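Over in Swiss-Prot, the protein carries these features:
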| type | residues | note |
| --- | --- | --- |
| BINDING | GLY10, PRO11, THR12, ALA13, ILE14, GLY15, LYS16, THR17 | ATP binding site |
| BINDING | THR12, ALA13, ILE14, GLY15, LYS16, THR17 | substrate binding site |
| REGION | 35-38 | region 'Interaction with substrate tRNA' |
| SITE | SER101 | site 'Interaction with substrate tRNA' |
| SITE | ARG123 | site 'Interaction with substrate tRNA' |
Amino acid sequence: MSNYLINIIGPTAIGKTSLSIKVARHFITEIISADSRQFFKEMKIGTAVPDKDELAAATHHFIQHISIADAYSVGDFEKDAILKLKELFNKHKVAVMVGGSGLYIKAITEGLDDFPKVDPEIRRNLNQHLEEDGIDWLQKKLYVLDPEYYKTADVMNPHRLIRALEICIETGKPFSSFLNQKKPERNFKNITIGLMADREMIYDRINKRVDLMIRNGLIEEARELYPQKELNALNTVGYKELFSFFDGKTDLETAISEIKKNTRRFAKRQLTWFRKDPEIKWFEFDENSKNIFDYIESKINT
C-alpha cells in the first residue's frame, strides 16, 4: 500500500495554513511545515506562524523548532523532514506538507541536487561584496553568470544569491546546470495542491496581512530582534525594512510600504517557480474544501 504526501503550495497570504489544517483533519494526519522562516522561535508575527488555535487543530512539525542563531540549511531540513515522514507513515497512510518555498518543498518531494564543494575563500569574497557593494552587485553578477536561474531565484535573499554564485564561480558552470539531476527515490507518492487567485486579489490579501501584522506587534517584535539584525535569518521581508527604519534610513510609513511591495514581489517569484511544475493541481483560494478532498481521494484511490 502506497503512502501519500499531500503538498499544499501557493503564494504567500493565499490561505495555505487554513487549507492544510482542513486536509490534515479530514485525513486524520499531521502537518510538516516547509516554511523556512517559520522554523525560528524568535520570528512569530513577521512570518505568520499559525496561531494557538491553528496549532491545536492539527499536529504541526518544524514550527519554531530552532533559534535564529542556529545554522540550519535546506539540506538539514531535508534530512530531518524525511526522518519525520518515515515516523508519520508508520501511523498514517498520508501526511500533509505546507509551504511557499519551492526549494524546501522540492527538497522533500524530489530530493536536493548534488552540488560540489566550494572554496570558502569564494564565499568570503562574495560576502565582502555584499557588505561593500550591496545586494545589487550580487543580483547583477548572478544575472550575468546564470540568467536562467535568475528568472526564478529569490533575488532579495543574499544567502541564496551567494549560494548560487559560489557554485558558478567554483565550477565555471551555471548553478542551474546542477539542478534536476537524478534524485534519491522517495517511498511515497506526491499529491500537490496549489492555491491561486488573480493578481489583484493576491496583492490585496498581502496588503491586509501586513496591516494585521503591524497591529499585532510586528514593530515591537522587530525591535527586540534589532540587535541581531546581521543574522541571515533576519534578512527577511518584514524585518529588514523595519531595521532600516530603526537605523533612521527611512520613515515608518515608507518601511511598511516597502514590506508590502517586497512581499508582493516575493509572491510573484513563488508563482513563477510553481507554475513550472505540471504536477500541481490548481484550485481557487476560496474553493469548496470538499472538492479538494474529493480530488485528493481520487488520486489516492487510483
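Glycine residues also receive a Cβ, built from the backbone N, Cα and C atoms like all the rest.
What Swiss-Prot annotates, mapped onto the structure for a quick look.
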| residue | record | CB count, 10 Å |
| --- | --- | --- |
| GLY10 | ATP binding site | 26 |
| PRO11 | ATP binding site | 27 |
| THR12 | ATP binding site | 18 |
| ALA13 | ATP binding site | 25 |
| ILE14 | ATP binding site | 25 |
| GLY15 | ATP binding site | 15 |
| LYS16 | ATP binding site | 24 |
| THR17 | ATP binding site | 24 |
| SER101 | site 'Interaction with substrate tRNA' | 18 |
| ARG123 | site 'Interaction with substrate tRNA' | 16 |
Would you mind pulling the DSSP three-state label for ARG123 (site 'Interaction with substrate tRNA')?
helix
Rounded to a whole number of Å, the separation of the Cα atoms of SER101 (site 'Interaction with substrate tRNA') and GLY10 (ATP binding site) comes to 9
Expressed in Å to no decimal places, the gap between the Cα atoms of LYS16 (ATP binding site) and ARG123 (site 'Interaction with substrate tRNA') is 35
For ATP, what surrounds GLY10, PRO11, THR12, ALA13, ILE14, GLY15, LYS16, THR17 with a Cβ no more than 8 Å from their Cβ centroid?
GLY100, LEU195, ARG205, PHE285
Between ARG123 (site 'Interaction with substrate tRNA') and THR17 (ATP binding site): CA-CA distance (Å)
36
Just to verify a number: CA distance, ILE14 (ATP binding site) to ARG123 (site 'Interaction with substrate tRNA'), in angstrom, no decimals.
35
Average model confidence [pLDDT] within the region 'Interaction with substrate tRNA' (35-38):
94
Please count the residues of the region 'Interaction with substrate tRNA' (35-38) that DSSP assigns to helix (H, G, I), strand (E, B) and coil.
0 helix, 0 strand, 4 coil
Using the centroid of the Cβ atoms of THR12, ALA13, ILE14, GLY15, LYS16, THR17 as reference, list every other same-chain residue with Cβ within 8 Å of it (recorded substrate site), in sequence order.
GLY10, PRO11, SER18, ALA48, GLY100, LEU195, ARG205, PHE285
Between THR12 (ATP binding site) and ARG123 (site 'Interaction with substrate tRNA'), the C-alpha gap once rounded to whole angstrom
30
Using the alpha carbons only, what distance in Å do you get between GLY15 (ATP binding site) and ARG123 (site 'Interaction with substrate tRNA') once rounded?
37
